[in-house]
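Annotated in Swiss-Prot:
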type	residues	note
BINDING	12, 13, 34, 78, 120, 314	NAD(+) binding site
BINDING	149, 150, 151, 180, 209, 210, 232	D-glyceraldehyde 3-phosphate binding site
ACT_SITE	150	active site, nucleophile
SITE	177	site 'Activates thiol group during catalysis'
């Protein structure tokens, strides 16, 4: 079965997941909706400062995108209800504008003819969140779902492994996060987040994040046990989670590493990675794993208290799991 998808919003995540979708034989992108001119959409897809040039032939013909001879419909429509997904027999819409984050607004895609909707970020209401490595097995056919955030996708698989083996009592997370498109290049007005308005190239910026709390939604056993903060740093891509955690079952740091390594090779293969190399952030650029445990970067204070470090490409890794969720919802 070929899954026909439409992408609403062709920003960083929209473009990265489009690239990844080209490598999946069972997924076909048949439509893109964005307010940009089609020629500019083609340009932004072709050239990427972080991930390099797009490897396939791109052209624009009659306001449609042509990739290796295959036509992709381009529209510039603000109201999702007018997108006419039914005319293209769309199975799943990927909602990546960051604007339609409630059931009522996302449901407009259903009214337009889409069968399912996957939101690329945490919702603003009770839209269920599904994270690979945490709760994909709980999906029951819901029409509108969220893939949570990139940080939740990093933290949840690691937290599940630790909780399953050692029993998490409580934990604090810090994500050291690469800059994103919502930040300001130089100091600019930001009424809701004063610090967030400061220049992204000049500063390490403390920020709030709901990623750790969201883990409790996809892993109910951890509800109320985790919270966290973020620091935005002047890098283009790749972020890292620092999970400082207290657990019930005594274990040395080496024993924890062994458990994570085994999980990365078995149950969590393709989701959770493991490395003992002397790595830095750019070494993870382009990695589709959503959480890569860095054994040499962490440590423990005693047998019940440890600091665990896990890297993630906040664009590629996350986009890869969005497509995994698309496959899940399309087949149920």
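In case you wondered, yes, glycine gets a Cβ from its N, Cα and C as well.
Positions of the features from Swiss-Prot, shown on the structure.
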| residue | record | DSSP (3 states) |
| --- | --- | --- |
| 12 | NAD(+) binding site | helix |
| 34 | NAD(+) binding site | coil |
| 78 | NAD(+) binding site | coil |
| 150 | D-glyceraldehyde 3-phosphate binding site | helix |
| 177 | site 'Activates thiol group during catalysis' | strand |
| 209 | D-glyceraldehyde 3-phosphate binding site | coil |
| 232 | D-glyceraldehyde 3-phosphate binding site | strand |
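The least crowded of the binding-site residues 13, 150, judged by other CB atoms within 10 A of its own CB, is 13. Long-range Cβ contacts of residue 177 (site 'Activates thiol group during catalysis') within its own chain (separation 6+, distance under 8 Å): 151, 207, 209, 230, 231, 232, 233, 239, 314. Across the fold, the C-alpha of residue 120 (NAD(+) binding site) and the C-alpha of residue 149 (D-glyceraldehyde 3-phosphate binding site) stand 7 Å from each other. Within the set 12, 13, 34, 78, 120, 314 that the record links to NAD(+), no two Cα atoms are more than 27 Å apart, and one pair reaches that distance.
Note on proximity: of the binding-site residues 13, 34, 78, the one nearest residue 210 (D-glyceraldehyde 3-phosphate binding site) is 13, by Cα distance.
Cβ neighbour count for residue 209 (D-glyceraldehyde 3-phosphate binding site) (all protein chains, 10 Å cutoff from its Cβ): 21. Same-chain residues with CB within 8 A of the center of the 149, 150, 151, 180, 209, 210, 232 CB atoms, the D-glyceraldehyde 3-phosphate site residues themselves not counted, are 175, 177, 211, 230, 239, 314.
Each residue contributes its Cα atom, and for residue 180 (D-glyceraldehyde 3-phosphate binding site) and residue 78 (NAD(+) binding site) these two points are 23 Å apart. Binding residues for D-glyceraldehyde 3-phosphate (149, 150, 151, 180, 209, 210, 232) extend across at most 16 Å, taking the greatest CA-CA distance. Annotation for residue 12 (NAD(+) binding site): same-chain Cβ neighbours under 8 Å, separated by at least 6 residues, are 180, 181, 315. The secondary structure of residue 314 (NAD(+) binding site), as reduced to three states from DSSP, is coil rather than helix or strand. Taking the Cβ of residue 210 (D-glyceraldehyde 3-phosphate binding site) as centre and 10 Å as the limit, one finds 16 other Cβ atoms among all the protein chains shown. Residue 150 (D-glyceraldehyde 3-phosphate binding site) and residue 13 (NAD(+) binding site) have their C-alpha atoms 10 Å apart, to the nearest angstrom.
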